[in-house]
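Annotated in Swiss-Prot:
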MOD_RES   524  phosphoserine
MOD_RES   528  phosphoserine
TOPO_DOM  1-24  topological domain 'Cytoplasmic'
TOPO_DOM  46-70  topological domain 'Extracellular'
TOPO_DOM  92-99  topological domain 'Cytoplasmic'
TOPO_DOM  121-131  topological domain 'Extracellular'
TOPO_DOM  153-161  topological domain 'Cytoplasmic'
TOPO_DOM  183-211  topological domain 'Extracellular'
TOPO_DOM  233-293  topological domain 'Cytoplasmic'
TOPO_DOM  315-349  topological domain 'Extracellular'
TOPO_DOM  394-403  topological domain 'Extracellular'
TOPO_DOM  425-442  topological domain 'Cytoplasmic'
TOPO_DOM  464-484  topological domain 'Extracellular'
TOPO_DOM  506-534  topological domain 'Cytoplasmic'
TRANSMEM  25-45  transmembrane segment
TRANSMEM  71-91  transmembrane segment
TRANSMEM  100-120  transmembrane segment
TRANSMEM  132-152  transmembrane segment
TRANSMEM  162-182  transmembrane segment
TRANSMEM  212-232  transmembrane segment
TRANSMEM  294-314  transmembrane segment
TRANSMEM  350-370  transmembrane segment
TRANSMEM  373-393  transmembrane segment
TRANSMEM  404-424  transmembrane segment
TRANSMEM  443-463  transmembrane segment
TRANSMEM  485-505  transmembrane segment
């Protein structure tokens, strides 16, 4: 049986959309803007790093990062992100969302700058220091996932909560675009100031000494939006749900939200104390009671995020083939180092503009209309369909006259990842767990996703290699080929459909309804259905 809600929480649930909602979206969203910039800008400069630090005299093609170095440079931030999601998620429940929120930004600011200052006399030393700082950059980025999602969900009203939380996540799309646009500007400026011949004409002269500044400037620029947001985050009040339900301070919660909502709210400290005495609310994380109430939900959020990120991040494998096929990136030897940065940045920006960003904002528009479950199910379904449609007739798509069709199918997979599970896996864990575990459980779910990202980004990089050892990329062992890898990804997406049935629908419900925190007794089960009943 449900009890009467605390007035301060009810006021938040029924509040009309106000300016403070948009302020919270901007403050939290700028963190995700920075996260995406920092995580994805490395892909813009890895080719340049290969030219600068791994040039081979007399080689027909420009230098490239060795496979182990490329894996480390691209993947170390994911490792840091995973660790940060677990640590800051736990800390957000222990110390409060606000106290920890500023820490993540400071780590991101310092490590963005430090990444651009990576030093050493030998290429290995430069790459080692770059990897060190990018690990800790990822650590700060990881903290932003559970904290931003939790803060936004706890501030939002129940009618438009999904749109607000997914809008924060959608800022990633703008971060990816900003990285590409900034790289275009920087590379254009350096090309105009320091023109140089193509690699085929002058191998050594094609990489100017000033190119070493280009990648450093691009990496360090990530500190700017993070630094600009720090003051605003420090002025945000603690969320009422943490203050009331975890810190047990109804007076402070009412005072904070009275200022935010600009309404008079009664503290109700006595009612809160009565709620706190109930033994049913004393169960711990991973206790028998927790597992009976939320175990399947946690399995649902972790498994779907894990499976989604395997598919989502492995799609980057095919970008180089697609960009080359449609002429966005000419052969490396036909360009100088700075021109290559420009071409890669332009391609990434176009992909973000045409498929990534629209997908995010379709989710924002429809998540509170058709629900999280429907969007996630639809996204996984279409990702499965398009992956098999690419895989089964793969030889058909390799013919030059059919490559545009391949690009369209590929873009649609990206679109339905973002208008689908890439957004919903972020939203749902912030809505369905009790306040005292909310940040931790979101961190666990997100960390599971980053584990999937590592499998997708690196496992499939090896898996997709040609079975013929003479046709593999330099330094890689034979794999199962692109076609078979696409079939595996189709199966992964299909598993995502099945595990989605473990994830409850939270559209239109309060956080306390979803978590069972408004139930009167120990035997009351959370009645949120996994599959929505129409």
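Glycine too: its Cβ is placed from the backbone N, Cα and C atoms.
Within the same chain, residues 49, 53-54, 65, 69, 72-73, 76, 115 sit at least 6 positions outside the topological domain 'Extracellular' (121-131) and bring their C-beta atoms closer than 8 Å to a C-beta of that stretch. Where the transmembrane segment (350-370) meets the stretches 71-91, 212-232, 294-314, 404-424, 443-463, the count of C-beta pairs under 8 angstroms peaks at 404-424.
Within the chain, the topological domain 'Extracellular' (46-70) has long-range Cβ neighbours (under 8 A, six or more residues past its boundaries) at 123, 126-127, 199, 203-204, 206-207, 211-212, 214-215, 332-333, 337, 340-341, 344, 473-476. Proximity of the transmembrane segment (100-120) to the transmembrane segment (373-393) is not established, fewer than 3 Cβ-Cβ distances being under 8 Å for residue pairs spaced 6 or more apart. The stretches the transmembrane segment (443-463) and the transmembrane segment (294-314) meet in space: the count of Cβ pairs below 8 angstroms, excluding pairs fewer than 6 apart in sequence, reaches at least three. The recorded stretches the transmembrane segment (162-182) and the transmembrane segment (485-505) do not share 3+ CB pairs below 8 A when only pairs 6 or more apart in sequence are counted, and are therefore not in contact. Contact count against the transmembrane segment (71-91) (Cβ pairs under 8 Å) is highest for 25-45, out of 25-45, 294-314, 373-393, 404-424. Long-range contacts of the topological domain 'Extracellular' (183-211) within the same chain, counting only residues at least 6 positions beyond its ends with a Cβ under 8 Å from a Cβ of the stretch, are 41, 44-45, 48, 51-52, 55, 57-59, 61-62, 217-218, 332-339, 341-342, 344-346, 349.
With DSSP classes pooled into helix, strand and coil, the tally for the topological domain 'Extracellular' (121-131) is 9 helix, 0 strand, 2 coil. Note on the topological domain 'Cytoplasmic' (233-293): DSSP counts are 41 helix, 0 strand, 20 coil. Within the topological domain 'Cytoplasmic' (425-442), the DSSP-based counts of helix, strand and coil residues read 14 helix, 0 strand, 4 coil.
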